[in-house]
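> Starting off with a structure, shown below.
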Amino acid sequence: MRVAVVGATGLVGTVMLEVLAERNFPITELIPVASERSVGKKLSYKGTEYSVVGLETAVEMKPDLALFSAGGSTSLEWAPKFAEAGTTVVDNSSAWRMDPTKKLVVPEINATSLTKEDKIIANPNCSTIQMVLALGPLHEQYKIKRVIVSTYQSITGTGVKAVQQLENEYIGEKGEMAYPYPIHRNAIPHCDVFEANGYTKEEMKLVNETQKILDDRTIAVTATAIRIPVVGGHSESVNLEFEKEYTETDVRKILSDTSGVTVQDNPDTNTYPMPIYAEGKNDVFVGRIRRDHSRENALNMWIVADNLRKGAATNAVQIGEYLVQEKLIG
Ligand code: 2RA
């Protein structure tokens, strides 16, 4: 299968290549794609050297699948051109996520909705993916009425410049600032840009994408997204209110039985998820599962995942795996 990775030299694109190789994705020809300034750069994939090409060249090569992580404007312009050439695009930007004609997919939750006609498929936002993977099976069992989520997000979500800013601050170096404030020893209540309603785009993604993926606009969602000086992954404190009664034992079993979820939850042994241990792993880790005694049928839990993996690259590759498995491409 001919597979293009658009944004192959970026943070997520690099992880996409790692995940494709780790999972032995059936690639006969890899097409690493990046901006003109990177054209000609050499990338090694499973022992073979490839030259980075530009978007125009990549479209002409007619890949079967193109995994995009190159920003919304590039995706808006180029995803349709790839689709026109017969390529199925899985796009990691926010460009297509809320488009009513495009599917927003977490494979474990709603990949079965995909058909051969879906030529541009949206990969959800990282903080949404890890949350809905845990919420999906609970919603099915208990019907979620309300979600209150506070996120504690890795600076890798902002990009290389923010990682560099934190590293500079660690060693007391001056350098380019991704944020107008220090990241080191700080917590910044600002992920992405502010909207007119006082929420950030990151917070509204959690609201809107959760409702779309779970296909239920009645779920009330409210979010606060915080950037913290962590690199391993995003952490989320989630409070749920269900229509139906539940037991904590049943919740733990449902989550343990959910593909892609690992429950780490034992206060007696100080067992709970942490980003430093989630880094480099593909699962979503859930712990601190406990009843919220302040409301009927309410529950608290803590959800952690590597935002570059299940939050972006791994989820996109898993969509590709589903497309291959169901013979929707290739
Ligand atoms: C963030 N969710 O963490 C975004 C990823 N671009 O900022």
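Using N, Cα and C of the backbone, Cβ positions are placed for all residues, glycine too.
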> Per TrEMBL, what member of Asn300, Asn307 joins Thr9, Gly10, Leu11, Val12, Arg37, Ser38 in binding NADP(+) at one site?
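For NADP(+), TrEMBL names Thr9, Gly10, Leu11, Val12, Arg37, Ser38; of Asn300, Asn307, the listed one is Asn307.
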> For ligand 1, which among the binding-site residues Thr9, Val12, Ser38, Arg97, Gln153, Arg227 have a CB under 6 Å from it?
Gln153
> Among Leu11, Val12, all listed as binding-site residues, which has the most CB atoms within 10 Å of its CB?
Val12
> Give me the DSSP three-state residue breakdown of the domain 'Semialdehyde dehydrogenase NAD-binding' (2-117), ordered helix, strand, coil.
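Grouping H, G, I as helix and E, B as strand yields 41 helix, 29 strand, 46 coil.
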> Over the domain 'Semialdehyde dehydrogenase NAD-binding' (2-117), what does the predicted model average in pLDDT?
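Residues in the domain 'Semialdehyde dehydrogenase NAD-binding' (2-117) carry a mean pLDDT of 97 in this prediction.
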> Please report how many Å separate the Cα atom of Gln153 (substrate binding site) from that of Ser38 (NADP(+) binding site), as a whole number.
29
> Let me know the DSSP-derived helix, strand or coil state of Asn307 (NADP(+) binding site), please.
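The residue in question, Asn307 (NADP(+) binding site), is coil (DSSP, three-state).
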